[in-house]
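Among the features that TrEMBL reports, substrate binding site is placed at Gly64, Gly65, Arg86, Asn190. Annotation comment: TrEMBL describes 24-272 as domain 'Aspartate/glutamate/uridylate kinase'. The site 'Transition state stabilizer' feature in TrEMBL is assigned to Lys29, Lys253.
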Amino acid sequence: MQDAIEKADVLIEAMGWIRQFRDKITVIKLGGSVMEDPDALGNLLVDIVFMETVGMRPIVVHGGGAAITRAMAEANLESRFIQGRRYTDEATLGIVERVLAGEINESIAERIEAYGGRAMPLNFVGETNNNVLFGERLTLPNKEGGEPIDLGYVGHVTRVDREILDNLCYAGQVPVIPSMCETETGERLNVNADTAATAVAQAVGAEKLIFLSDVNGVRRDKNDPESLIHSLTADEARRLIADGSIEAGMIPKVEGCLETLSKGVRKIHIIDGRLRHSLLLEIYTNRGVGTELVAEPA
Ligand SMILES: Nc1ncnc2c1ncn2[C@@H]1O[C@H](COP(=O)(O)OP(=O)(O)O)[C@@H](O)[C@H]1O
Ligand SMILES: CC(=O)N[C@@H](CCC(=O)OP(=O)(O)O)C(=O)O
């Protein structure tokens with residue numbers, strides 16, 4: 001009986017949050033590492049269907065770095081990363097397009113539908129091009145001075161077709177966006193999925209941006225889960241990047257968060273997508289899980 005009463009208390013608590021987030025857009029970034037676990041991905045997609053059912057407007061942006069690396073290895077191509085970005089030559093681009101914008105994008109949308117939701121895959125691979133991300137080539141500053149670093153067919157997003165996203169959201173469909181963009185002349189480019197998610201969150205004025213990864217959040221010591229930072233300020237994040245505590249794939253994630261905070265998205269969370277119902281716990285309960293990024297000290 002006590003158990004049942006506690007469950008009812010949780011429902012009442014959730015009701016307040018459901019009301020607060022009704023009609024609000026949340027951008028959810030699905031990381032490739034969490035998508036490697038089919039059960040974890042299934043649980044996350046069920047949570048997304050729940051969010052949509054109770055009136056929130058989720059938008060999914062996904063990566064698929066691990067699957068791309070695997071497909072490249074099968075094609076005897078070596079993956080090379082520069083400052084967290086994959087060097088993308090023509091052969092690599094073909095694989096990114098097939099795996100990310102094709103297989104993964106379509107499969108996420110199909111699974112949302114299988115769980116009872118409605119979803120729209122937004123890619124340029126099928127017969128109709130309904131891509132919403134537009135951009136240009138990205139070069140990285142050379143830390144040793146000299147010429148900027150060329151990454152091949154890698155881009156960054158400069159424009160998001162917000163109208164399509166708004167229309168889908170308000171029609172009760174979950175937009176599913178792969179991390180690729182097109183230039184205004186139709187060239188296709190590979191985009192880091194964290195930065196794609198931040199561009200979408202900024203463009204639609206999202207209430208929340210949530211990164212689902214395979215760690216419990218940002219840690220002071222990346223190998224120690226106990227060193228999780230619950231609330232990370234912009235200043236401390238910059239310090240942790242500078243001293244090397246934040247590294248590899250966490251760098252573009254946190255850098256993207258900092259830029260997004262300065263552009264008005266109010267809440268950003270990095271959480272462990274492998275934890276069952278981590279999304280619902282983060283949004284609909286008072287127990288924050290993972291790391292919240294905040295502009296000023298809490
Ligand atoms: N300070 C840190 N705290 C937590 N994780 C970190 C940190 N520095 C680096 N990482 C690494 O970042 C990874 C998550 O980023 P990434 O590999 O891009 O995952 P995703 O595919 O989920 O975006 C973690 O698995 C971890 O190895
Ligand atoms: C330019 C660049 O690095 N693009 C990424 C796109 C996928 C991605 O970012 O996936 P995760 O979220 O799983 O890391 C890549 O090729 O791996």
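FYI, residue positions are counted from 1 along the chain as it appears here.
The backbone N, Cα and C atoms fix where each Cβ goes, glycine too.
Sparsest Cβ environment among the binding-site residues Gly64, Gly65 (other Cβ atoms counted within 10 Å): Gly65. Of the listed recorded positions Lys29, Arg86, Lys253, the Cβ environment within 10 Å is emptiest of other Cβ atoms at Arg86. Rounded to the nearest whole angstrom, the C-alpha distance between Gly64 (substrate binding site) and Lys29 (site 'Transition state stabilizer') is 11. Regional average pLDDT for the domain 'Aspartate/glutamate/uridylate kinase' (24-272) in the model is 93. The Cβ of Asn190 (substrate binding site) lies under 8 Å from the Cβ of Arg86, Thr88, Thr92, Leu93, Val96, Leu100, Tyr153, Val154, Gly155, Ser179, Met180, each of which sits 6+ residues away along the same chain. Secondary structure at Arg86 (substrate binding site), as computed by DSSP, is strand. Counting in whole angstrom, Gly65 (substrate binding site) lies 14 from Lys253 (site 'Transition state stabilizer') by their C-alpha atoms. DSSP gives Gly65 (substrate binding site) a helix state.
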